[in-house]
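Enquirer: Here's the feature list from TrEMBL:
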DOMAIN    54-305  domain 'G-protein coupled receptors family 1 profile'
TRANSMEM  38-61  transmembrane segment
TRANSMEM  73-95  transmembrane segment
TRANSMEM  115-133  transmembrane segment
TRANSMEM  145-163  transmembrane segment
TRANSMEM  213-239  transmembrane segment
TRANSMEM  251-273  transmembrane segment
TRANSMEM  285-307  transmembrane segment
Amino acid sequence: MKSKLKRPTLVMSIYNKTNVHPSTFVLIGIPGLEAAHIWISIPFCLVYLLALLGNSSLLFIIKTDPSLHEPMYLFLCMLAAADLVVCTTAVPKLLSLFWFHDGEIPFEACLTQVFLIHSCSTMESGFFLAMAFDRYVAICNPLRHSAILTHSVIGGIGLAIVLRGTTLLSPHPFLLRWLPYCRTNIISHTYCEFMALIKIACAETRIRRAYSLIVAFLTGGVDFILIICSYVLILHTVFRLPSKDARLKTLGTCVSHVCVILVSYTPAFFSFLTHRFGHQVAPHVHIFVANIYLLIPPMVNPIIYGVRTKRIRDRFLKLFSFRKQLN
């Protein structure tokens, strides 16, 4: 136990204070819970494996079933791909830290991790908005749904979301690269995150913080507002339907989407707000929630759509029963 706790201190003692651009950073995990890292890693690993299995199966099922090549499921494929990138960017290094106390991460790898996690998280938000738009068109203008959301339009929307995430978040690594880190190279986190690096820089960071805040609002904030607006319009249309059964059936098509939005946005907003304004929140609480945000939505999203969508559920069961017969 003592050797585990001495590691960051040792790194700190040999860290050259004059080296403002360190070659490596040191991740220390969840502060205050170092002794429990090995136990925390077990559910984290299981959740990660379930996320890999669920999203890979979802991509395979939708790709191989032409009847699922509809706007909602194509957007779901894009979301699954972004989920896989986000959790795979962070979790293997996190498990290496928890299992082998391997907290060192090269400077360039840390900046790459920042870019991939933040840009793909932004893309996830965009895909949620695209799925909300699909539900709006399907319910408020059903006769023109297939004419409006053609495959070329869906591809264009997906490309625009990817370009938005890449363009707005690509300055982040450069903003961090140009900062001096003369105080320490120890990051109190399980992965490299923009605000975690900002906090250990020994320079004025107000402009960088402001840019990050503006980008967060223009992506996640605006997306969330537009999603709310789309559901206000959807509810307005639904409550004008003549029968209760029709209203319930129509609302039932939105349940899966609403569930994944709640699962994803709740920890995301908590993590974002506590990093910038929640100075009274204990560090281990914030970092634990930040890890929940990376792990739980990628695991839960395929489960929600698998349970709620009969066609996906049937194909999933058929896929695994076929594999059992082969074995």
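Numbering starts at 1 and runs along the chain as it is shown here.
Here the Cβ of each residue, glycine as well, is placed from N, Cα and C on the backbone.
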Enquirer: Could you name the stretch, out of 38-61, 73-95, 145-163, with the greatest number of CB pairs under 8 A to the transmembrane segment (285-307)?
Expert: 38-61
Enquirer: With a Cβ cut-off under 8 Å, give me the same-chain residues at least six positions beyond the ends of the transmembrane segment (115-133) that come close to it.
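Expert: For the transmembrane segment (115-133), the nonlocal Cβ contacts are 72, 75-76, 78-79, 82-83, 85-86, 89-90, 157-158, 160-162, 164-166, 168-170, 172-173, 191-194, 215, 219-220, 223-224, 226-227, 230-231, 257, 260-261, 264-265, 268, 294, 297.
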Enquirer: Which sequence positions outside the transmembrane segment (213-239), separated from its termini by at least 6 residues, show Cβ-Cβ distances below 8 Å to it?
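Expert: Distant contacts of the transmembrane segment (213-239): 121-122, 125-126, 128-129, 132-133, 135-136, 139-140, 164-165, 168-169, 247, 250-251, 254, 258, 261, 265, 268-269, 272, 276.
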Enquirer: Using a Cβ-Cβ cut-off of under 8 Å, list the residues of the same chain that are 6+ residues beyond the ends of the transmembrane segment (38-61) and lie near it.
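Expert: Sequence-distant neighbours of the transmembrane segment (38-61): 30, 68, 76-77, 80-81, 83-84, 87-88, 91, 94-95, 98-99, 291, 295-296, 298-299, 301-303, 305-306, 312, 315-316, 319.
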Enquirer: Sequence-remote contacts (6 or more beyond its ends) of the transmembrane segment (145-163), Cβ cut-off under 8 Å?
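Expert: Contacts of the transmembrane segment (145-163) (Cβ under 8 Å, skipping residues fewer than 6 from its ends): 69, 71, 74-75, 78, 123, 126-127, 130, 133-134, 137-138.
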Enquirer: Report, as numbers and ranges, which residues of the same chain sit near the transmembrane segment (73-95): CB under 8 Å and 6 or more residues beyond its ends.
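Expert: Contacts of the transmembrane segment (73-95) (Cβ under 8 Å, skipping residues fewer than 6 from its ends): 27, 29, 41, 44-45, 48, 51-52, 55-56, 58-59, 62-63, 105, 113, 116-117, 120-121, 123-124, 127-128, 130-131, 134, 151, 154, 157-158, 161, 190-191, 260, 291, 294-295, 297-298, 301-302, 305, 312.
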Enquirer: Take the domain 'G-protein coupled receptors family 1 profile' (54-305) and average the pLDDT across it for me.
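Expert: For the domain 'G-protein coupled receptors family 1 profile' (54-305), the model's average pLDDT rounds to 92.
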